[in-house]
Amino acid sequence: MHSLIDFFSFSDPNVRYVVVGNVLLSASAAMVGAFILLQKKALVGDAVSHAVLPGICAAFLFSGSKNTAFMLVGAFITGWLALVAIDYITAKSKIKKDAAIGLVLSVFFGVGMVMMTYIQQSGNAAQSGLDHFIFGKAATLIGSDLIIFSILAAVLLVVVGLFFKAFTLVAFDRPYAQALGYPVRKLDLLLTSLTVLAVVTGITAVGVVLMAAMLITPAAAARYWTDNIRRMVGIAVAFGMFAGLAGAYISYTAPSMPTGPWMVVVSSAIAFFSFFFAPRKGIVPKLYTQRRNQRIIAEENTLKIFYHLGERTGHFNGMRHFNELTGAREVDKPLLEATLKRLVAQKLLISQGDQWGLTDGGWRKATRVVRLHRLWELYLTSYMNIAADHVHDDAETIEHILTPELERELEAQLGYPDKDPHDTEIPKI
Amino acid sequence: MIIHAQQPIVEVHDLTVSYARKPVLWGVDFTLPSGCIAGIVGPNGAGKSTLLKTIMGLIPPSSGYIKLFDRPVDEVRSRVSYVPQRESVDWDFPVSVLDVVLMGRYGKVGLLRNTGARDQAIARDCLDKVGMAAFAKRQISQLSGGQQQRVFLARALAQESDIYFMDEPFAGVDAATEQAIIGLLREMASAGKTIIVVHHDLQSARTYFDWIILLNMRLVAAGPTDQAFTDETIQQAYGGRLNLLSQVGDVMEKRAFPSREN
C-alpha cells in the first residue's frame, strides 16, 4: 500500500519520468496501431519493431555511446529500410506478402542480434545496458530522454489527428481515395513513417521486440467495444495508457521486473477480457444470449403443451399431471421440470405437487405462441408455395421470434384468417 | 461499329492496358456524349472493370490516353465520381452509413480540413435520394447487399459531380433496388449528368442504356444503343475470345515484352 501512495504521489522524479514517458509512448503507439490494424497491416508493425534492432546497434558502433538521439536515428533508418524491403520483395518477386514480412523480420533481427553480441564481447565499457533495448527498462529513462519521447509522441498525436480523415478513407476504400485524388501513396508513406516512429519511441521503455504488441493489442481490444472509429481510437489510447501506467507501477514496486513485458502482459489481459466479456461481441455475452434464447424456446414450447391439451380436452384451465404433459410432446424430462418451475416463478403456471395448470397470463402467452405458429404456417403455404405438410418445422422456430408489429402485419397480409393450412383454428386473444 | 460523339465529354484514345505485361485491353478507342447513360457491356474477363479503373487513373495504361471534359482526369477529379464494386471494401469497418456518405465530400473539403454542417446536410440529402435516410446512424455491417449499394451510390452523389463511373451497381441487388437505382440514374441524366455503368445483363442493357460500349478485350462496338447493340455485335462480343489475341498476350507476358516499342 505504501508503494502505491509513494508511486502515485510522483514525488520521486524518476517515477515521474517513467510514468510520463510510458503513458506518452503507449498512447501514441495505440493511436498509430489503430490505423495499422484497420489497414490490415498488423504484421508489418511486428516486422518494424524487430527491424529497428540493427539500427540501434549500428548507431552505437558509429557513435561509441548510448546517446538516445543517435539510437533513434539508427532505429528509424533500419525500421524504414525493412518496410521498403517488404514492399520491394512483394512487388518484384513471386514471394507473397506474409512470407516477405517473415523473411525481413528474421533477417533484420538476426543481423541485429549478431551486432549486439559483437558489441557485448568487444569489451567496450559503454555497452552495458544496451541489451535493455531488446526487452526495455523504463527505469533507465532519464530527463533528457523524456524530452525526446515527449516531442515524438506529440508529433505522432498531432499528425495522426490531422490525417485522421484521410487515414480512415484509405483504410476503408483505397481505390475510392485514389479516385478522389487523395495522395494515397504519400499517405502510405506517412503511416509507415509514423509506425516506425511509434516503435522507436518505445525502444527504451518497452524494448523493440514487444513494441509490436503495444501497437496492435490496444487497438484490437478497442475494436470489441465500439463500431465507431473515433471512439475506437480513443478507447485504444486509453487502454494503452493504462497498460503503460500499470507497467511502470509494477516495475517500480519490483525493480527487478522489466517494464516492457509487464506493459504487454497488462494490455494482453485487457485484450483477453475484451475478447470474452465485451458486450455483444464478446464470447460470454454471445453464449448468454444463446442460453436465453434456448430458455425462451423451452418455456414457450411448454406453454404450448398446455394449450394443445386444452384443445384436445375442451378445457384450458384444469390441472395436468406431469405424465400427461410428457405424453403430449416428446420432451426431455429434467428440462421440462426445470422449465415448469421457471414458469411458476414467472406466474405463468401454478403448481400443486405433481399437478400443473395455466394461469390467465400463461393462457394468453400460450395462445399467442400457437397463434403465431399457425399464422406463419398459413403465410408459408399461401405466399411461399410450401406444401402444408412441410411448414410445421419452420413455424416451430419462427413462432418464438415474431414481434407484435410483425404479427399485426402478418395478420393484415393474410386477411385476418380463422383457419391454418391444416384447417385448425387460429386462436385469437 | 464505332460511332463517335459529336461533342465528347469522355474521350478514350487508343487505350491499351496490361497486367504484368499481358495486355487485357487492346487499342480501345471511343467517345461519349454528355447527358447519356452509357453501359459498358461484355462477358466475364472482358476488361470492363479494368477499363473503368484505367479511366479513373487507378491503373496506369500501357499506351493511349483518356480525356474528360477535354482534360486529363487528374485536373478534373472534383467533377468525376466513382462507385467501386461493392465487394471491394470490408463492410465490417467501424463506421456508420453517414460516415461513408460523408467520404463523398472528402474531395471537396481537401486533405486536412474536416467536413462541416453543410457537408452533413448534403450527405443526408443524398441518403434521402437513395431511400436510406432512416439508416444514417446504422453501422455498415448491418446492411443488406442492396442497401450497401445504395450507400455507395449516395456517397457518389455527395460528390456533386458531372460524370459518374459505376462498377457493377446492379450486381447482387434485389429487383426493387435495381429499379430505384435506374430511376435515379435517369433523373440524373435528364439533369445533364453523364453516367457510365459497368453491366453484365444483356436483357436489361437494351432498356437501361442509351449508349453502349461492347467490350471483349478489344472494343467490339460503341455508339447509340439502337445502332451499336445489334445481334451481330453481341455475337461478336460473346462469341468467344479472339484466340490469337490471347495467345499473343501470353507470349508477351512470357518474354516480358513491352506493349509499345518505346
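Cβ atoms are placed via backbone N, Cα and C, with glycine included.
All annotation found in TrEMBL is predicted automatically rather than curated by experts.
Taken from TrEMBL, the feature domain 'Iron dependent repressor metal binding and dimerisation' applies to A:359-428. If you look up TrEMBL, you'll see A:17-38, A:43-63, A:69-89, A:101-119, A:149-172, A:192-221, A:233-254, A:260-278 marked as transmembrane segment.
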Tertiary contacts of the transmembrane segment (A:192-221), defined by C-beta under 8 angstroms and 6+ residue spacing from its ends, are 18, 21-22, 24-26, 28-30, 32-34, 36-38, 42, 44-46, 48-50, 52-53, 56, 68, 71-72, 75-76, 79-80, 83, 132-138, 140-141, 145, 149, 152-153, 155-156, 159-160, 232-233, 235-237, 239-240, 243, 247, 258-261, 263-264, 267-268, 270-271, 273-275
For the domain 'Iron dependent repressor metal binding and dimerisation' (A:359-428), the DSSP helix/strand/coil residue counts are 45 helix, 2 strand, 23 coil
Could you give the residue numbers and ranges of same-chain residues that sit at least 6 residues beyond the transmembrane segment (A:233-254) on either side and whose C-beta is under 8 angstroms from one of its C-beta atoms?
-> 3-4, 7, 15, 18-19, 22-27, 29-31, 33-34, 137-139, 164, 205-206, 214, 217-219, 221-222, 225-226, 260, 262-264, 266-267, 270
Report, as numbers and ranges, which residues of the same chain sit near the transmembrane segment (A:101-119): CB under 8 Å and 6 or more residues beyond its ends.
-> 43-44, 46-47, 50-51, 53-58, 60-61, 78, 81-82, 85-86, 89, 95, 127, 130-131, 134
